[in-house]
Amino acid sequence: MKTIILAGVVGNVIEWYDFALYGYLAPIISLLFFPNDNQIVSLLQTYGVFAAGFVMRPLGAGIFGYIGDRVSRRTELFISVILMAIPTFILGLLPTYNQIGIAAPIFLILLRLVQGLSVGGEFTGSVTYVAETAPQTRRGFTTSFVNVGSTTGLLLGLGIVALITHLLSDSNLLTWGWRLPFLFGGILGLTGLYIRSNLPDSEVFEEHQEGRQVPLLSDLKQSLVPMLQAMFFAGGYSSTYYIIMVYIPTYLDQFTDVSRSGVLVIHVVALTIQILILPLFGWLSDTTLRRKSWLLLAILSVALFGFPAFWLLLQPNNYEVWLAQIGLAIFLVPLLAISPVMMVEIFPTETRLTAYSLSFNLGASIMGGTSLLVCTWLINVSGNIYAPVIYLVISACMSAIALGFMGDRSREPLL
């Protein structure tokens, strides 16, 4: 079981390591690839490329979902990690705008599109594979480790950004230092390929697919309602997640007196706490309240704490900033630990990966992928630096409403 968990974890470490780098280095990338006299406009263009990667996720979900549901789970996992790692490495070699002009942002966009294609199948493929191989009574606990991998990737990316920010001067960071973390991503990719090279397919998948001739599209029609429910749920909580864990560090850097290194230290602590308690909430969803109850508690906590948290972020005392960031990060943990397994459980094995991938990635692309862009745009047009919290609360409420309509198959056999 440890090998299965590790195989599910490693791809998500790479995926979220890359997304962490792009999110946390956004102010630097904006200067190098989208130079503009208006810093907010430059940042908007950078976040636009971030969102462009999400455009490819639904397409990737369809492609990798088909591979996983009709070819094999292990083939899907192997291909997805390749398409994630190679563009990350190439990005570290990419010339900047000053070196090759308009070609630089064009190449950057193309790399993000390829990565977005891979992301469409990586996370959902990992969750599906781990859930199908986990014991029924420990499914929540076991699948929670997939997001331990995601959070570890964020922490690793953030830690490396903090390290180079601390060790290098601003001029060296802008000249060559920003490239090092992306090049290191290539090494992580080789590790992922090795771990996934000899994975077996899940027994559940093999039992259901043996001799199956029904077209995938015909099977999917039976899951349209739960797919729509999962899409709105995933959209709301993805937006909530990206605002708290990716946007806020840049927000603090842009609109407060907290130093860049100080922002990164706070975030490292928040991510470390998440990693430590993620499996706890996975276990609690197996043994105490049903999964939907835990998720509703988490979403409503984020919505209620949103406005006080942003007020604290803008206060002059560091301890208030710490309280806000870590508080929001902790409220997210049940969502990270439990929502993946809950969505896996509502779909039948024959179409599980495709249905889960499409619903999750459509929601994450429409809401999550545009959340950084929307938050920056709201501040730009309104002049109100509290504007992002309104979007945060709206996202959380949308997720809660969708969750209310979803089924809950906690601790029941997979369909």
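A Cβ is built for glycine as well, from the same backbone N, Cα and C atoms used for every other residue.
For reference, TrEMBL has these:
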- 4-411: domain 'Major facilitator superfamily (MFS) profile' (DOMAIN)
- 16-35: transmembrane segment (TRANSMEM)
- 47-68: transmembrane segment (TRANSMEM)
- 75-94: transmembrane segment (TRANSMEM)
- 100-120: transmembrane segment (TRANSMEM)
- 141-164: transmembrane segment (TRANSMEM)
- 176-195: transmembrane segment (TRANSMEM)
- 230-252: transmembrane segment (TRANSMEM)
- 264-282: transmembrane segment (TRANSMEM)
- 294-314: transmembrane segment (TRANSMEM)
- 326-347: transmembrane segment (TRANSMEM)
- 359-379: transmembrane segment (TRANSMEM)
- 385-406: transmembrane segment (TRANSMEM)
Contact yes or no, the transmembrane segment (264-282) and the transmembrane segment (100-120), 3+ Cβ pairs under 8 Å, gap 6+: no
The transmembrane segment (176-195) touching the transmembrane segment (100-120) per 3+ Cβ pairs under 8 Å rule: no
Distal contacts, the transmembrane segment (176-195) - CB-CB under 8 A, six or more residues away: 3, 6-7, 10-11, 13-14, 17-18, 21, 25, 28-29, 32, 78, 81-82, 84-86, 88-89, 91-93, 157, 160-161, 164, 168
Recorded stretches the transmembrane segment (230-252) and the transmembrane segment (75-94) touching, at least 3 CB pairs under 8 Å: no
Contact call for the transmembrane segment (385-406) and the transmembrane segment (16-35): at least 3 Cβ pairs under 8 Å, seq gap 6+: no
Sequence-remote partners of the transmembrane segment (75-94) [C-beta within less than 8 Å, at least six residues beyond its ends]: 7, 10-11, 14-15, 17-18, 21, 64, 67-68, 104, 107-108, 111-112, 114-115, 117-119, 121-122, 125-126, 129, 179-183, 185-186, 188-190, 192-193, 196-197, 199, 353
Reported mean pLDDT - the domain 'Major facilitator superfamily (MFS) profile' (4-411): 84
Intrachain neighbours beyond the transmembrane segment (16-35), with Cβ under 8 angstroms and 6 or more residues off its ends: 42-43, 45-47, 49-50, 84, 88, 96-98, 104-105, 108, 112, 115, 149-158, 160-161, 173-174, 178, 181-182, 185, 188, 246-247, 249-250, 253-254, 264, 372
